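Trainee: Provided herewith is a single structure, encoded as structure tokens, for subsequent inquiry.
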Amino acid sequence: MWGFLKRPVVVTADINLSLVALTGMGLLSRLWRLTYPRAVVFDEVYYGQYISFYMKQIFFLDDSGPPFGHMVLALGGYLGGFDGNFLWNRIGAEYSSNVPVWSLRLLPALAGALSVPMAYQIVLELHFSHCAAMGAALLMLIENALITQSRLMLLESVLIFFNLLAVLSYLKFFNCQKHSPFSLSWWFWLTLTGVACSCAVGIKYMGVFTYVLVLGVAAVHAWHLIGDQTLSNVCVFCHLLARAVALLVIPVVLYLLFFYVHLILVFRSGPHDQIMSSAFQASLEGGLARITQGQPLEVAFGSQVTLRNVFGKPVPCWLHSHQDTYPMIYENGRGSSHQQQVTCYPFKDVNNWWIVKDPRRHQLVVSSPPRPVRHGDMVQLVHGMTTRSLNTHDVAAPLSPHSQEVSCYIDYNISMPAQNLWRLEIVNRGSDTDVWKSILSEVRFVHVNTSAVLKLSGAHLPDWGYRQLEIVGEKLSRGYHGSTVWNVEEHRYGASQEQRERERELHSPAQVDVTRNLSFMARFSELQWRMLALRSDDSEHKYSSSPLEWVTLDTNIAYWLHPRTSAQIHLLGNIVIWVSGSLALAIYALLSLWYLLRRRRNVHDLPQAKEREDLACGSSRVGVAGALSYRCLAALGAGWGAVCRWLGSELPPVLPDGEDTLPLPLPARTHLPNPSAPCGPAAHQRPPVQVPAPEERLQRPGGGLVLLRMPRVQHAAPTHLRGQVTLAT
């Protein structure tokens, strides 16, 4: 029984020395002196902010992609003991001693290093020779741009890793399908394919290209399985079900899981709250949750409310009025009603408060017991500070002449009666008897006399309107649109009929304990929609690179400059590798077309079975190579677009006479609301809302300055940085 102890235990293993050598060289090239430079390099200033938010559990919104990539970088900070205390305000800033630079850059470096042997394995799985696989891996190993991005706290190397893993896993699965379907290895590689695809999409939406490629190849293979007469119907069904679960269900579940973990980690109020809805903000700890905690849930006649526009474009804002009136004559010669202005104001202000009045009664307080407002009720909205009613009539709006002017009614003793009745419509109601609820209900106000809907036009008023946003009555509104939908954000029950006491009430909220819980799916849906909406707003910069420039490498990016030695880090691809790869794809496509034409003429250069296999497999190989090449090229293209967004303005081709220094603003890379914007009583001064130019729309005050000291040239290409680059605050 114990005889096996008398014999030595021998374990044999096949070790691919080429694979080991490639892995070792990949680790060496990516990990050697990883902490150099010990300063913020390029997009590290961007991702570092979000790592700090994770460490401090502060909510943020980034429209560049789902949160999985940010969590990967934050994991490196967590493993290194990073506390999040570092001011990510400029490129070139020296890291303090509490920042674990090696740990923060470790995971992207490992992903870049492991991509080298993975490329080797992919070529082998495509049934090429070991020499071809070694050549492909060496090209990955020595490619300049890949090395540069792998050694920094960036997401490109992590994205490429999961793209390669998805392709490799599916190829492994496909080869297992030929010999041992439904085996343990077969299930492992199929499941890993779905996991890798989900991770790729969860890092950046560019991962969708690889996911679609895998789904397309899997669909073709599944179609061939359906036509395989050697398989029973049950077997075919099991094959299709397994692929559907692994390649569709698992990625969707993991994608939701990324957001679920993200929302668990960042549960505190942060600088990006304002872009979210009131209900979402109320679900965060601190911030609006602290303000709205204890508010009455049901809006009643006599309630004091602030009304926020659900659409929130171009900026989140609240229904607002003040003592100023519309000009008698506009700049274009049109006349107005000279009534009190009604606008949408993007800051919290005491003039944002309105009283929900019952048209059949004169009192402006909540009765006892409160009479809740329901869907379909007629209401009047009385401005809290001026006690004038919200009104609209058949007068053209100042900037939208096709819509009606909205104002607060002033009785000038002329033949212009008040038209201040509004019908409340609860858009997200469960039934026609639903009660209007603060935070939760999305409502529209339909004018009784004209059937116009209260709407945010999005246009900025001139100086007489303090550059605030225009509010109009839209007659042509059909169906749901966020610009016509409002929700109550702050809410209290008014208790005083006297105006002076009522004004004091507006600064002292009542406290009635009400618990509001927003479900995960509701928070996920809103967060996903906001990310996509913000992403669609990005305008292409005039100096962004084109796909042709990715091949010719006419652009490069200056990542970092040493302040004393002028040592620089540039992102520049290997011209030999990139051009030869592009030419190889073009030549292969032409050869495939040539053989297809000869086959059409009934000229077979190869046996038909071999020819069919090569064409089908070759097309998938070209697709794989094209996707991988596109990913590598897009890394440079996305990087250049990021530089353009960072700088916020273009580099002129010719310097002005007498100047050799160009100060360029370096704002934070986000167009989310400014966390330092005034709010509360301090905002009563109504700072003007500026309309940013497309090239300057990402700027925020307090950013650093990039001083480009350039030699005087007459035709300097704007996409190249020449001469010395100095980073300054």
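Here, residue 1 is simply the first one shown, and the rest follow in order.
Even glycines carry a Cβ here, placed using N, Cα and C.
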Trainee: May I ask you to indicate which of 9-28, 129-148, 629-648 is given in TrEMBL as transmembrane segment?
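Mentor: So the range that TrEMBL calls transmembrane segment is 9-28.
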Trainee: Of the listed stretches 9-28, 100-120, 186-203, 208-226, 571-597, which one has the most C-beta pairs under 8 A with the transmembrane segment (246-267)?
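Mentor: Highest pair count goes to 186-203.
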Trainee: Is the transmembrane segment (100-120) in contact with the transmembrane segment (186-203), using at least 3 Cβ pairs under 8 Å (sequence separation of 6 or more) as the test?
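Mentor: Contact absent: fewer than 3 Cβ pairs fall under 8 Å.
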Trainee: Which sequence positions outside the transmembrane segment (68-88), separated from its termini by at least 6 residues, show Cβ-Cβ distances below 8 Å to it?
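Mentor: Here the qualifying positions are 40, 44-56, 62, 95-96, 98-100, 102-108, 153, 155, 158-159, 199, 202-204, 258, 261-262, 265.
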Trainee: Where DSSP helix means H, G or I and strand means E or B, what are the helix, strand and coil counts for the domain 'MIR' (431-491)?
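Mentor: Split by secondary structure, the domain 'MIR' (431-491) comes out as 6 helix, 27 strand, 28 coil.
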Trainee: Would you kindly check 9-28, 100-120, 208-226, 571-597 and say which stretch has the most C-beta pairs under 8 angstroms to the transmembrane segment (154-174)?
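Mentor: Result: 100-120.
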